[in-house]
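Read through the structure below, which is laid out as structure tokens, and then see the notes.
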Amino acid sequence: MEQPEGFVFTPENLEWAQAVIKKYPEGRQASAVISLLWRAQEQNGGWVSEPALRYIAEMLDMAYIRVYEVVTFYTMFNLQPVGRYYLQVCGTTPCMLSGAQDLTEACRKHIGPKDTVSDDGMFSWTEVECLGACVNAPMVQINKYYYEDLTPESLGDIIERLRKGEDVPPGPQDGRQGCAPKSGPNTLIDAAIYGSDDSGPEPGYAGTSDPKSKMPGPY
């Protein structure tokens, strides 16, 4: 694959990187390698180039092969270009049982083959292991954000809206509030535990349907 001629951190990222390196004792600067690789990937449009690897190796006084070992061990690093919107479809058991395979078909339909950038340069997608949002399966991570409780239709709609430049709020896409049961709240819904009247939960306490409400304070 063709590589860019070089890589350097922007002045802002260089200042940030130097501050991160200073957190570690002399001779232990290599401990900053993952942080610097992640920032390089963000700066480089979602992937880490070979010049970026060599730049970071020199900055941390590491052998190039040691940096390469790290970047190839962790799956969140990409060694080839990705689209502006990078979709990671979770395929571990809860998501697979909930329809993850249908989401991969939606990606093929709206984007193209796996691990390739779409013709317009806006999208690419891949399959990954557990992203830790099993209760909201099936789900997809798009760049930094989780889109949960998906169907092939809702994922296709998200892709097309992003293609049009629209903002698509992350989180559950079926109207569910966070990780609440799909059938609706079934605990802490008895008004009596919040007071003597029948007005329901006091605003700001567990059981309220207001997603912006505050949780109870300390006892």
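One-based numbering along the chain as shown.
Cβ atoms here come from the backbone N, Cα and C positions, even for glycine.
In TrEMBL this protein carries:
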{"type": "BINDING", "residues": "Cys90, Cys95, Cys130, Cys134", "note": "[2Fe-2S] cluster binding site"}
{"type": "REGION", "residues": "164-219", "note": "region 'Disordered'"}
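For Cys130 ([2Fe-2S] cluster binding site), the same-chain residues 6+ apart in sequence whose C-beta sits under 8 angstroms from its C-beta are Cys90, Thr92, Cys95. Burial estimate for the binding-site residues (Cys95, Cys134): highest at Cys95, by number of other CB atoms within 10 Å. Packing around Cys90 ([2Fe-2S] cluster binding site) is summarised by its Cβ count: 28 other Cβ atoms lie within 10 angstroms of its Cβ, all protein chains included.
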